[in-house]
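Q: A single structure is presented below for examination.
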Amino acid sequence: MNKFKVNISGMTCTGCEKHVESALEKIGAKNIESSYRRGEAVFELPDDIEVESAIKAIDEANYQAGEIEEVSSLENVALINEDNYDLLIIGSGAAAFSSAIKAIEYGAKVGMIERGTVGGTCVNIGCVPSKTLLRAGEIIHLSKDNPFIGLQTSAGEVDLASLITQKDKLVSELRNQKYMDLIDEYNFDLIKGEAKFVDASTVEVNGAKLSAKRFLIATGASPSLPQISGLEKMDYLTSTTLLELKKIPKRLTVIGSGYIGMELGQLFHHLGSEITLMQRSERLLKEYDPEISESVEKALIEQGINLVKGATFERVEQSGEIKRVYVTVNGSREVIESDQLLVATGRKPNTDSLNLSAAGVETGKNNEILINDFGQTSNEKIYAAGDVTLGPQFVYVAAYEGGIITDNAIGGLNKKIDLSVVPAVTFTNPTVATVGLTEEQAKEKGYDVKTSVLPLDAVPRAIVNRETTGVFKLVADAETLKVLGVHIVSENAGDVIYAASLAVKFGLTVEDLTETLAPYLTMAEGLKLAALTFDKDIWKLSCCAG
């Protein structure tokens, strides 16, 4: 692939950007980033496609292609101001942009270094692409198996290549709107290249040395691989490459059944693959309350997904296009065959190329960057945020940390990063959403715990939806009845959990929930019903009574 930048006249809005991107896609261009504000487009072309075809495509789309140049690894060095930066950020995801925007608002001079595609994991290869495809999977799943008598629905063949193309367009649009366009909007420097520390206050990028008063490392994480014999010789998939497939595999084996493995496994099950989820643990979602694990497992089995738990992985091998996973389960040896193998066993921090030792930045046993409550590393001038620290790996946590760190590094404040109340959502069907303490965690912290467990078939919204596999669980302090944790398996659980987060964050009690009106026939009503369950038999209550 060769990367090019072309100046374009005639673009006046985001719609124009889409027209240009569509024209370039038709000739085979990849990783297209266009900006009407800058009047340019950056894209990659395979070696066998002449760059003149890009100029022709732009002209035929009724825009005027101007100067075009091949982008080298040194493309931004000329733009670098030799003066010191107030804040130099390594990475360009949610933490990086949150930090940069706030730093600009403080009046700081900001530079951002990115070695790959701007936008980080979430918009490019994580949340956005997976969730839009999950929605497509839900639609085809319902069309094949809807719960209503009298609705004769069916699903045609899935054109995965078209779905992937549509997904890629959405990713490009959001990357431009939420990231690329903001660089000009806030007027900070984007420096393309790989950063490496040379001392405690200097990095080297493309041969140029840059210094700053403060640094933020926000380089994220990438898929990690388990130690399984033969894996290095396999044509395996990761969460990134799976979402680039153009053909649905007949059989897909997933090693790892955390949130990534479950989401992507269920996605391809809905699209038509035979799915086997495999894990070492005896219990699905072992860090969650047992009622949550049981509900999710029941739902997956009902949908026809194969679960292999308590597996000891002996080896993997490939014969032609067939992948085989050899495991021992309950003393018996099994061989799982499939056409594709997805490895989804966690993520590792992107720290290897940073030369952190030169800057005096300490890392943990998994090479994650260690930080204190204020986001500082062992070098007080260098901060870190987001997945690179192996904290809660959510885009909203990264953005929050980036903002707090800028308040401290640039604003001179002493704000602590508070991750005591972090909602988490797994976008399976049904959705899993949790916030606060599990029952076991609450007991470990010394609470005398009282819980309520409400099966989903007691929630009117689930009943009318005819989808009643799931549960609401509330964990409370038995003495004060303050809500300590909320755990949900249901449709739209992710939309309900924000209300639960407020309850946990602000110390609301069970009584606060029961005395607050809840709209009938919403899934959020399940919160109130679960609260009522602490001292009432909700099966003996009329609708909305309490």
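Positions of Cβ are set from backbone N, Cα and C atoms, glycine also.
Pulled the feature table from Swiss-Prot, pasting it below:
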BINDING   CYS13, CYS16  metal cation binding site
BINDING   ALA96, GLY116, THR121, LYS131, ALA195, ASP387, VAL395  FAD binding site
BINDING   GLY256, SER257, GLY258, TYR259, ILE260, GLY261, MET262, GLU263, GLY346  NAD(+) binding site
BINDING   CYS543, CYS544  Hg(2+) binding site
DISULFID  CYS122-CYS127  disulfide bond
DOMAIN    2-66  domain 'HMA'
Q: Please state whether DSSP places CYS127 (disulfide bond) in a helix, a strand or coil.
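A: Note: CYS127 (disulfide bond) is helical by DSSP.
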Q: Cβ neighbours within 10 Å, counted over all protein chains: which one of the binding-site residues LYS131, ALA195, ILE260, GLY346, ASP387 has the most?
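A: That would be ASP387, with the highest Cβ count within 10 Å.
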Q: Let me make sure I understand the structure: which of the binding-site residues listed (GLY256, GLY258) has the fewest other Cβ atoms within 10 A of its Cβ?
A: GLY258
Q: DSSP three-state call for CYS16 (metal cation binding site): helix, strand or coil?
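A: Going by the DSSP assignment, CYS16 (metal cation binding site) falls within a helical segment, counted as helix.
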Q: Rank aside, I only need the closest one: which of the binding-site residues GLY116, ASP387, VAL395, CYS544 has its C-alpha nearest to that of GLY346 (NAD(+) binding site)?
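A: Going through GLY116, ASP387, VAL395, CYS544 one by one, the closest to GLY346 (NAD(+) binding site) is ASP387.
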Q: Could you check which of these recorded positions, CYS13, CYS122, LYS131, VAL395, CYS543, CYS544, sit within 10 Å of GLY256 (NAD(+) binding site), going Cα to Cα?
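A: Among CYS13, CYS122, LYS131, VAL395, CYS543, CYS544, not one has a Cα sitting within 10 Å of that of GLY256 (NAD(+) binding site).
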Q: Just to confirm my parser: what is the rounded mean pLDDT across the domain 'HMA' (2-66)?
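A: So the average pLDDT across the domain 'HMA' (2-66) works out to 89.
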Q: The record lists ALA96, GLY116, THR121, LYS131, ALA195, ASP387, VAL395 as binding FAD. What's the largest Cα to Cα distance among them, in Å, rounded to a whole number?
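A: Largest pairwise Cα separation, rounded: 31 Å.
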Q: CYS127, MET262, VAL395, CYS543, CYS544: which of these recorded positions has the sparsest Cβ neighbourhood within 10 Å?
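A: Relative to the other recorded positions in CYS127, MET262, VAL395, CYS543, CYS544, CYS543 has the fewest Cβ atoms within 10 Å.
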Q: By CA distance, which of the recorded positions (CYS16, CYS122, CYS127) lies nearest to MET262 (NAD(+) binding site)?
A: CYS127
Q: Nearest of the binding-site residues to THR121 (FAD binding site) by CA-CA distance, picking from CYS16, ILE260, CYS543, CYS544?
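A: When the Cα distances are compared, ILE260 comes out closest.
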Q: Can you check which residue among the recorded positions CYS13, CYS16, ALA96, CYS122 has the largest number of Cβ atoms within 10 Å of its own?
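A: It comes out as ALA96.
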Q: Relative to the Cα of CYS122 (disulfide bond), which of the binding-site residues CYS16, ALA195, ILE260, CYS544 has the closest Cα?
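A: Nearest in space to CYS122 (disulfide bond), counting only the binding-site residues, is ILE260.
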Q: Compare the C-alpha of LYS131 (FAD binding site) with the C-alpha of each of the binding-site residues CYS13, CYS16, ILE260, CYS544, and give the closest one.
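A: For LYS131 (FAD binding site), the closest Cα among CYS13, CYS16, ILE260, CYS544 is found at ILE260.
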Q: Give the residue counts of the domain 'HMA' (2-66) per reduced DSSP state, in the order helix, strand, coil.
A: 22 helix, 23 strand, 20 coil
